[in-house]
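Asker: Sequence annotations record features per position, and here TrEMBL assigns domain 'Major facilitator superfamily (MFS) profile' to 21-508. The feature transmembrane segment is assigned by TrEMBL to 21-46, 66-89, 101-120, 126-144, 165-192, 219-238, 309-334, 354-375, 382-400, 412-429, 450-473, 485-503.
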């Protein structure tokens, strides 16, 4: 039995409001990637501004570096904030509604972005304390936007193109990365032209060991951070105008009449398609059919959804370890094309990093998102995720071979190509599907919470990938070296492939309510695919032997 207001959603034709919702919801992910990926070039600028002294015998790439403890802390605080934001906003989203919190997360992102730019002081210690505080708040806003955006889009979409719509929201990350790189390059070009010719370290006298820093440079990196608030602020009005999702209103608030009225406001759906529910929703049979009584984390919840929650969380955890680690290897991918630091001023240094980030975004990241959005509802989530993990593993194992210098040609050429392929298959694969699947598997009253839990576990993986790998990848005796780190990352992808193949459930072309149902393995076997085939065949043989109808098999 299905409420017609939900059936109308599942069968609704793709229309203007769907694309509008993608932009409104996607702008949070756009801001997320902007703020996270503008940090690498900004840290290069901050290193020049606040750590201008250098020793000539020190390796080029280690000059003007922000101390690793501080750099890793700046990355970690935003991710810790994201973990908390996903858990808090996900839980509240299921209790008070998605729309009521949607503006809160956006305001938090806007305020924190502006706060990051001001950072209260120009003293080195206070700059990092203030920047860390506002990046923590920014992370909370970003984290809160993940479960809300995914849930809102999944609950408005029809079942045939739901994966493409949720993937479209997530693909805004690619444009956020590109935009952050373009803004960084424009700001650096403007400030470099404004400041005139700047002396590079190579032009200094042997007795000088302090790189020149123009006074206005401290404004440049702050401006880049604050510009990130503009795209998000442009969608605030439209977020406030969005109605609550019909599924939350109908299934959680038990107000089908209000859900139908909200649908009529924003979507081209005839009232006759949903009138039957308006007339009959208060009958005892209807209420009983759509009221589940088990609670979150109860025994019944884990029986029905435990495997799905664990699989979604573990897959997100594994892909984020690799995805965030890849950004740390950018220097090695493009080192043949990078100018030595001593021959660049601080603007050129940031420009180099931003330029290579833009190249990766255009050549690998955005195409990966596009292919995922196009194919997700044809191939399915599980196949795309497993394929992505597989080819990421192949690329990383090969990169480890290239990085060890065992190829006849210069290893950096192969490294660059495979580095881009790894990013491509990450986005045409688990980086996109891990955002989609948790928004489709769980009941409406737990959907945002479970997505928030999955994302929070993923961000723990991001902390390991961005901070832990930073320390582990150092050359012995301080670390295990780059090649071994890449091999370990490939092993993580192999594990992701196995978890996807054996534990992740397909959600394609099924309504959200169908995905709530117990599938054929619940209570029988925790692993899917081949044990399922054995169990189904055995059950069929038993039923035939006992001359019982095959419909007795739970599907």
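Heads up, the Cβ atoms here are built off N, Cα and C, so glycines get one too.
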Asker: For the transmembrane segment (66-89), find every same-chain residue at least 6 residues outside the stretch whose CB is under 8 Å from a CB in it, and list them.
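Answerer: The answer is 35-36, 39, 43, 46-47, 50-51, 101, 104-105, 128, 131-133, 135-148, 448, 451-453, 455-456, 459-460, 462-463, 466-467, 470-471.
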Asker: Can at least 3 Cβ pairs under 8 A be found between the transmembrane segment (382-400) and the transmembrane segment (219-238), with each pair 6 or more apart in sequence?
Answerer: no
Asker: Hey, which of 21-46, 101-120, 126-144, 354-375, 412-429 has the most Cβ-Cβ pairs under 8 Å against the transmembrane segment (450-473)?
Answerer: 126-144
Asker: Need a quick answer: max count of Cβ pairs under 8 Å to the transmembrane segment (101-120), which of 126-144, 412-429, 485-503 is it?
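Answerer: So the stretch in question is 126-144.
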Asker: Of the listed stretches (21-46, 165-192, 412-429, 485-503), which one yields the highest count of Cβ-Cβ distances below 8 Å with the transmembrane segment (126-144)?
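Answerer: The stretch I would name here is 21-46.
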Asker: Under 8 Å for C-beta pairs, could you tell me which stretch among 21-46, 165-192, 219-238, 309-334, 412-429 has the largest tally with the transmembrane segment (354-375)?
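Answerer: Ranking 21-46, 165-192, 219-238, 309-334, 412-429 by Cβ pairs under 8 Å to the transmembrane segment (354-375) puts 165-192 first.
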Asker: Taking 21-46, 309-334, 412-429, 485-503 as candidates, which has the most Cβ pairs under 8 Å with the transmembrane segment (165-192)?
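Answerer: Most contacts with the transmembrane segment (165-192): 21-46.
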Asker: Cβ pairs under 8 Å with the transmembrane segment (412-429): which stretch of 219-238, 309-334, 485-503 has the most?
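Answerer: Most contacts with the transmembrane segment (412-429): 309-334.
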Asker: Averaging the per-residue pLDDT over the domain 'Major facilitator superfamily (MFS) profile' (21-508), what integer do you get?
Answerer: 84
